[in-house]
Amino acid sequence: MQATTIRKLLLLFVSTFMLIISHASSLRFHYINSHNFTTKTSATSSSSAAAHRSRNPSLALVRRDAITGATYPSRRHAVLDRVARDNARAEYLVRRLSPTYLPTDLGSEVVSGLDEGSGEYFVRVGVGSPPTEQYLVVDSGSDVIWVQCKPCLQCYAQADPLFDPASSTTFSGVSCGSAICRMLSSSGCGDAGRCQYEVSYGDGSYTNGVLALETLTVGGTAVEGVAIGCGHRNHGLFVGAAGLLGLGWGPMSLVGQLGGAAGGAFSYCLASRGPGSSADAGSLVLGRSEAVPAGAVWVPLVRNPQSPSFYYVGLSGIGVGDERLPLEAGLFQLSDDGAGGVVMDTGTAVTRLPQEAYAALRDAFAGDVGALPRAPGVSLLDTCYDLSGYTSVRVPTVSLYFDEGATLTLPARNLLVEVDGGIYCLAFAPSSSGLSILGNIQQEGIQITVDSANGFIGFGPNTC
């Protein structure tokens, strides 16, 4: 086959975003079109069609900027704002997942409001009967589901009207002595023997109120008897959201509460960002029949006893251009005291790696791209290139080698982020600790399935 033909096939490969997930891969490089690099993938993807056909609850994910209405004078300004949020989120996770973490006392001063509560992805959920539509932050590292409620003794501004439990025919308070009240990590007993909940976040934001059973309408499906927090005192900057939808690995999360109804599984697909992309940021599907696709590559989840709500994966190494990096054995391992490890997080954009791993990846990537013109770094993104004068360029793939032999090979669209006209930066950064965070840029366009009941996470086979 002639070289020009190979080049066209590789360009086609990138533009249609085929995902490589296997136990071995030989493709070392992708050619990318630098003028059409971050365009949104086809809306007729197989994952979207599957969600449409599914009888399980399916929700459209909405990006943060669609809720806040934020506009920026340039793409660089938008990226800088995103990076600032990203730094705050990553540092929150470093603190929260540290073996020495202690929860913030309720009532402490809110420092930034960016760390935990801001969120990058939202869903629209109906609360109560009749349902009151509310935007909720999606958080895979939290268990408690909560919304701000009337009467509100202390509330922050939100995009939707406050939920009024008095107007719902299905709202039912939970007693202090109930089993579900005892599941809360922090609970108390209030007036008339009602169970009280408290949740505090790393930046000083918090919510507290009463625990209740309520009907949630999720993707057109009414789910009865869901335990939610009805927050009467809430403090922080939650970016207009009415509350938080916890999807963590615990019994109080939505997936944990649905139990057999959802089969302990959910899937999501984060649509790729790009110029002119819509507010639609992908989809979230609850349930086992659609959420466990045939052909996915499955990786065992790792439970952190110190932070059991978070989803960790076992990573054994990283490759650039199909060459495995010479890294210290056990660099990504979760220690017995809960330090280190690799956590999946949709709230972090740029993947964080231990300093040694990041330096090796950065140097290998820079060596493989050759003489492409460098550009000044942008905040934490220190490896940038000026591709404005190119129609297409060759960049190496990056492979993640998981425990038990599975490999996820990321194409160019999951490696580089455009920060300005023609300026692209490597979307990886060093961690301030031994913790690694697999961020949402590396997850974009890939159908990801979390089978918490059986302890596995699946990548692919579909894309979005």
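From the backbone N, Cα and C atoms, a Cβ is placed for every residue, glycine too.
What TrEMBL says about a protein is an automatic prediction, not a curated fact.
Keep in mind that this is a model prediction, so the values were computed, not measured.
Here is what TrEMBL says about this protein:
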ACT_SITE  ASP139  active site
ACT_SITE  ASP345  active site
DOMAIN    121-460  domain 'Peptidase A1'
SIGNAL    1-26  signal peptide
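Every protein chain considered, the tally of other Cβ atoms within 10 Å of the Cβ of ASP345 (active site) stands at 23. When Cβ atoms from all protein chains are considered, those within 10 Å of ASP139 (active site) total 24, not counting its own. Annotated pair ASP345 (active site) and ASP139 (active site), C-alpha to C-alpha distance, rounded: 8 Å.
For the domain 'Peptidase A1' (121-460), the predicted model reports an average pLDDT of 90.
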